[in-house]
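Data block below; observations after.
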Amino acid sequence: MVKIAPSILAVDFASLKEEIVSVEEAGADMIHIDVMDGHFVPNITIGPMIAEASRRSTALPLDVHLMIEQPDNFIPAFVQAGADIVTVHAEACPHLHRTVHLIKEQGAQAGVAINPHTPVDVLRHVLEDIDLVLLMTVNPGFGGQSFIRSAVEKISTVKTLAGDLNRDVWIEVDGGIDDETAPLCTRAGANLLVAGSYVFKKDDRADALRKLRGE
Ligand code: DX5
Ligand code: ZN
């Protein structure tokens, strides 16, 4: 079944804990934390302190998405803050295999993200080492952007590639996910949906999660 990871990028940060509890009670499966450094992407967001505060707000797994340069410098801090999954961008990692193994040595599950224009081929030689592939369906940097449809075909390509290698990886999509774009992704093989604005801008979060699951 498809799992949902609401992104706290879209919360009212004056009420972070209440916002996280509201989606946990509504049936969310993970909490997605968007970390941006003002270099890899043109925005600055969350550091280990907010990840740690999120950890104390929920029992759900924390899915930490690092949109930062030189992620090796910060992976230990995010794992210590309570990250269960740490995802790095292939575009930011000249030694991707080394970075993936650093995440695992620190005790978290490892994910690799790629931007909408990046071909899936870059995943080929790390797929055996990772737990999750994150396909960006917007250019990373901001919440509330429009879904890029051309990224959908990469979902089935990753699914086939993982199947060929007998790898059972999460296929996560992130950016512009709502009740219209979610089915395009799940039909193509995505099994983990990140949604920020769609979930947090709605008062009835349980209904938002049900709609994303196609229920
Ligand atoms: C974009 C982030 C996304 C974003 C999703 O750079 O990685 O996780 O918060 O937000 P929505 O669902 O509003 O597109
Ligand atoms: Zn994200």
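Heads up, the Cβ atoms here are built off N, Cα and C, so glycines get one too.
Automatic, uncurated: that is what TrEMBL annotation is.
Features of the protein shown, as given by TrEMBL:
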- Asp34: active site, proton acceptor (ACT_SITE)
- Asp174: active site, proton donor (ACT_SITE)
- Ser7, His65, Gly141, Phe142, Gly143, Gly144, Asp174, Gly175, Gly176, Gly196, Ser197: substrate binding site (BINDING)
- His32, Asp34, His65, Asp174: divalent metal cation binding site (BINDING)
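Here the features listed in TrEMBL are placed on the structure.
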residue : record                             : Cβ within 10 Å
Ser7    : substrate binding site             : 24
His32   : divalent metal cation binding site : 27
Asp34   : active site, proton acceptor       : 24
His65   : divalent metal cation binding site : 28
Gly141  : substrate binding site             : 16
Gly143  : substrate binding site             : 21
Asp174  : active site, proton donor          : 27
Gly176  : substrate binding site             : 23
Ser197  : substrate binding site             : 16
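Note: the CA-CA distance between Ser197 (substrate binding site) and His65 (divalent metal cation binding site) rounds to 16 Å. Note on proximity: of the recorded positions His32, Asp34, His65, Asp174, the one nearest Ser7 (substrate binding site) is His32, by Cα distance. Contact annotation for binding-site residues (Gly141, Gly143, Gly176, Ser197) versus ligand 2: none, no CB falling under 6 Å from a ligand atom. Taking the C-alpha positions, the distance from Gly176 (substrate binding site) to the residue listed as 'active site, proton acceptor' comes to 14 Å. Other residues of the chain with a Cβ within 8 Å of the Cβ centroid of Ser7, His65, Gly141, Phe142, Gly143, Gly144, Asp174, Gly175, Gly176, Gly196, Ser197, the substrate site, are Leu9, Ala10, Asp34, Val138, Pro140, Gln145, Val194. In terms of C-alpha distance, the listed recorded positions Asp34, His65, Asp174 place Asp34 closest to Gly141 (substrate binding site).
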